[in-house]
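Trainee: Straight out of TrEMBL:
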REGION    B:1-29  region 'Disordered'
COMPBIAS  B:12-24  compositional bias 'Basic and acidic residues'
REPEAT    B:145-187  repeat 'WD'
REPEAT    B:188-229  repeat 'WD'
REPEAT    B:231-278  repeat 'WD'
REPEAT    B:279-319  repeat 'WD'
REPEAT    B:402-443  repeat 'WD'
REPEAT    B:444-485  repeat 'WD'
REPEAT    B:486-519  repeat 'WD'
Amino acid sequence: MERWRKLHGRRLDYEERTRKREAREGHKESNKAQSLLGLRAKLYHKKRHHEKIQMKKQIKALEERSLKSSTPAEPSTTPLPQYLLDRSNPTNAKALSSAIKNKRNEKAAKFSVPLPRVRGIAEEEIFKVVKTGKKTAKKGWKRMITKPTFVGPDFTRRPVKYERFIRPMGLRYKKANVTHPELGVTVHLPIISVKKNPQNPMYTQLGVLTKGTIIEVNVSELGLVTSAGKVVWGRWAQISNNCEQDGCVNAILLV
Amino acid sequence: MATAVPPPSKRQRTDAANKAREQQDVEEIPADAGSLRLQFFDETTGLPIGQGPVIVPVADANPKNLELLLNTLQGHDSTEFIPYRFTLPVTDKKNAEPVITAFPTNIWNALIRPGLISTEEVQSISAAPQAVFRVQAVSRCASTIPGHGEAILAIQFSPKSSSRMVSGSGDNTARIWDCDTGTAVHTLRGHTSWVLAVSWSPDDERIATGSMDNTVRIWDPKTGKQIGSPMTGHRKWATSLAWEPYHVQKLGEPRLASASKDATVRIWSTNQQKIEMVLSGHKSCVSCVKWGGVGLIYTGSHDKTIKVWSARDGILLHSLNSHAHWINHLALSTDFVIRTAYHDHTGKVPDSEEAKVAKANERFLKAATIQGKVVERLVSASDDFTMYLWEPANGTKPIARMLGHQKQVNHVTFSPDSLSIASSSFDNHTKLWNARDGKFINTLRGHVAPVYQCAFSPDSRLLVTGSKDTTLKVWDMRTHKLSVDLPGHMDEVYAVDWSPDGQKVGSGGKDKAVRVWRH
């Protein structure tokens, strides 16, 4: 066919016929879409569905391209002064800070926490009675904490004889993965202290980390500042996972 | 029964106690303390004043008496006495290097008794003339004016008075504010993108705004209407604007220079809104443009060069290539007089056009003349952590390289008396430099985040800095200490300006509210 075409050229009415065929295409497709039945209809419509998606995407891309040529694209969504425009600024932390401030203005938000109620944990679950050794076994007042704990950096153990609560080294945590709820930014931050364990005030003292515990985390590396221009370093967060099951501490920043 | 007067509050009591303690501490200088031999030097030129050293008794050597003495030495009439600031080099005990310190009120207690200086040697005192008027440090927020829908990116006061201020914002408008009442006067609508630069013409008749939408527009500050059509031509956004200085303008036909991201600078005739000249030669974004008073235009660019152009025909005169990274900002020693033209601290405006030009010219010459020569100095701040001091009329060699900042230097300003330079940097510090030889003077520490901008008070005795840490800080230029801390902004402070009459400070930033601060 190709050789014949090269030798003799196309039919004289070739252009006319292709034009008409293309013009008929739409009608033909629509007729098919209306009249096909059964499996053929199913296959046909699936194909058409995909085609339409591709077409819409293409149209959108074209529109965007033409938009760009008329007005310049702003380099970022937040307005920046001229001297910050071409710099790659780490904006996460600052966005974090302003979102926190906006939220704080609503007074009611102060006392709401992401996890308002927690599962009660019995003392038997948290404390394991230590019965090693001759004397200890007799008295039975030594307890091992079976949950993860936060132990401050300046903690020194008491003499073994007097030590009532043992917080195992393997279950101690120093850092938490803290998420900002609105921005979806997660940062690995050092824990400063345990502020409130809802189970029992004693657990707060012992630094037990369970789901729903309020902890204070060190946000100084984010570079937040107060309205008076001081660096903010401690901010509260609530633990959102079962740390003893997951092997990590995940928390949500309270904003 | 008469009402009893309430007992003094704790504050009053502590104040009284402090005062009593201070009064006790005043110590007499012994009569046999001897006398000091002082040699005065003029800080603007570095040349000695008078013939040889002057002998002053230690008991009488305080700044007030020295001022009197120096004025008499120079033969000033008592009506035209100039206040002076005196500094002297004192050897530091730690590293045995001379440190420039302010002349103390009680030199016996401060310097002679501790053995820092001796009465045997001639002391070289440098005297810096001060403005005859005095600006009080701003200390409170007079008004917080909401109105803008987005962050405020640029602020400038009117050269005429502190009652009008213009701010450009990310909500595509610029607004003119009445700072006396804290209300909006006009909203300048028209731009289709952020307003990045605002500039008030030196005669107070027009405002120019440059925007992200590649246009520059001219507005009438009295009516808030746009003058003519938008000036299109730039291919990318406008970064910086500079009006032609009033004393070199053709009367009634001011020109405007606008720098743009598209690596060109365009000179516009503002009456016809047409391009007069295009200064092309830079290879990258032009970050700053300044129009000097001696017929030169200075541009700094991200292509690491500063170029000096002739304002008459747009010919490239010099290319200053010492920096190793982007140029962020330029400042001229004559910036303040060029901005204010014929508006001075007395508030008197000449009646006729000729008198205005004459006054503007006279003020310019007064500010720029050093030892009988008109000298315009330029300082450039760069991303390579350094600054250079230039005298572009004298060739392409810098006078001094100013080292010391530990991060990018973002903003630099000359004091209105062009004796010192302040540079603010991303390393949280502001540094002060001597404008004559570029020597380091002091570091102003206090901000906890990058310092974005700084502005001198018109009498050069105070400096205000705005920072990312949401505060403004006012610094005393004599003691180099924090004078007032001004918290109040809810977010980063992007723009700060001190009004040319010294009464108010305006600031704006990410929290969308314009704040006006005053004494």
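Even glycines carry a Cβ here, placed using N, Cα and C.
Could you tell me the structural context for the features on the list?
Mentor: Counting residues per DSSP class in helix, strand and coil order gives 13 helix, 0 strand, 0 coil for the compositional bias 'Basic and acidic residues' (B:12-24).
Summed and averaged per residue, pLDDT over the repeat 'WD' (B:145-187) gives 91.
If you look at the repeat 'WD' (B:188-229), the same-chain residues 6 or more away from its ends with a CB under 8 A from one of its CBs are 150, 153-160, 164, 166-170, 172-176, 235-243, 245-246, 254, 256, 258, 260, 268, 270-273, 338-343, 356, 360.
Helix, strand and coil residue tallies for the repeat 'WD' (B:231-278), in that order: 3 helix, 26 strand, 19 coil [DSSP].
Non-local neighbours of the repeat 'WD' (B:279-319) in the same chain are 236, 239-245, 247-248, 257-267, 325-332, 334-335, 337-338, 364, 368, 374, 376, 378, 380, 382, 390, 392-393, 395-396; each lies 6+ residues outside the stretch with a CB under 8 Å from one of its CB atoms.
With a threshold of 8 Å between CB atoms, the same-chain residues lying at least 6 positions outside the repeat 'WD' (B:486-519) that come near it are 133, 135-162, 165, 167, 169, 175, 177, 179, 182, 336, 339-340, 343, 345, 347, 449, 452-459, 464-468, 470-474.
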Trainee: At a C-beta cut-off of under 8 Å, are there same-chain residues at least 6 beyond the repeat 'WD' (B:145-187) that contact it? List them, or none.
Mentor: 193-200, 202-204, 207, 209, 211, 213, 219, 221, 223-224, 339-341, 343, 347, 349, 494-504, 506-516
